[in-house]
Structures are given as C-alpha cells and as structure tokens.
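Per Swiss-Prot, topological domain 'Cytoplasmic' is recorded for 1-7. Look at Swiss-Prot and you will find 8-28 tagged as transmembrane segment. Annotation source Swiss-Prot lists topological domain 'Periplasmic' at 29-167, citing sequence analysis. Per Swiss-Prot, the feature heme binding site maps to H122, Y126; the stated evidence is sequence analysis. For 137-150, the entry in Swiss-Prot reads compositional bias 'Basic and acidic residues'. Under the heading region 'Disordered', Swiss-Prot lists 137-167. For 151-161, the entry in Swiss-Prot reads compositional bias 'Polar residues'.
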Amino acid sequence: MTRKQRRLLMIGGAGVVLIVAVGLVLNALRDSIVFFSTPKMVAEQHIEAGKRFRLGGVVEPGSLQRGEQLRVSFKVTDGAASLPVAYKGILPDLFREGQGVIAEGSLDKAGVFEADTVLAKHDEKYMPKEVADALKKDGHWKDDYGKKSPGETTAGQTSANAAEGGK
C-alpha cells in the first residue's frame, strides 16, 4: 500500500468515526431538543408510560382540585387538547388557573401526568407560540394576552423609572 492510499484510508476512517459520533450525539439529544410538549403533541406522539418529559400549556380554569397532604390535580391545556396532571408538593406562588405552566414528570398507565416539578410562568405574554396559536384557533384567546401591564413601557421598566432615565 502506498503512502497516498494509507493517508486516504486514515482520512476515510476518521470521517466514518466522526459521522457515527455525531449520529449518536444527535440520537441521544433528540428528546431533549424540545423544551416541552403540549397536550396535543403528547396525544399525537403516544408517549409510553414512565418516560420523562416536560408538559407545557395553560392550567385549565375550573380544573384545580386540592387534596390532602399537599396533593393537587389539575388539567393542562393548549386549546386543542388537555391532559390531567397529579402533583404532590407546594405549588409556586404564581400558579393559578388560566396561567401558563410547565410540569416535569411522566405519564402513568391511566394517562395521568405525574409531575414531580411544576413551574408557573410569569404571565401570558411569555406564552409559547404553539399554545397561543392553538388558543387563537379554538377561540379561547383573550385579548389581554401579550399586552403590556399598565404603566409598563419596555421590558423591566415602569413608566415611573422610564421617566427617570431607566434607573
């Protein structure tokens, strides 16, 4: 084998190893690329029981039920589908019906999302585009979603501190 053939063989082998490594990394990160799944996505993907993922949407009004020993249940909706959630623990201060939420956990065999972490979103202006589009499509969109709060000018400024030069 000549030097040129040996060099080409080494380059080809390194290329194959690199392609396999990139493929393995992308396969491992496939489920982590999406920050969360909406209830409609969960229904369409038929996620098996026990697989961990994040569920995002809006807490369905009228669905919150508080039980004993910090147990709560509620439904998360994206306007197109809803999914029951069970959680045991202290809910965030900003958690309320009609508010954005992200829960982390897994589905049980009955199709209930067993959350071990619940994060409340600050307000509707941070609502995911997919959820906002689904709410608009189904006629559940409120006109005050995404509007600035009274006295708010730009992110992090109120009209009072904007007049002082943003201090």
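Cβ atoms are placed via backbone N, Cα and C, with glycine included.
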Check: What same-chain residues lie close to the topological domain 'Cytoplasmic' (1-7): Cβ under 8 Å, and 6 or more beyond its ends?
Finding: none
Margin query: Which residues of the chain, 6 or more past the ends of the transmembrane segment (8-28), have a CB below 8 A from one of its CBs?
Written below: 1
Margin query: What does the DSSP secondary structure composition of the topological domain 'Cytoplasmic' (1-7) look like, as residue counts for helix, strand and coil?
Written below: 5 helix, 0 strand, 2 coil
Check: Averaged over the whole of the topological domain 'Cytoplasmic' (1-7), what is the pLDDT?
Finding: 89
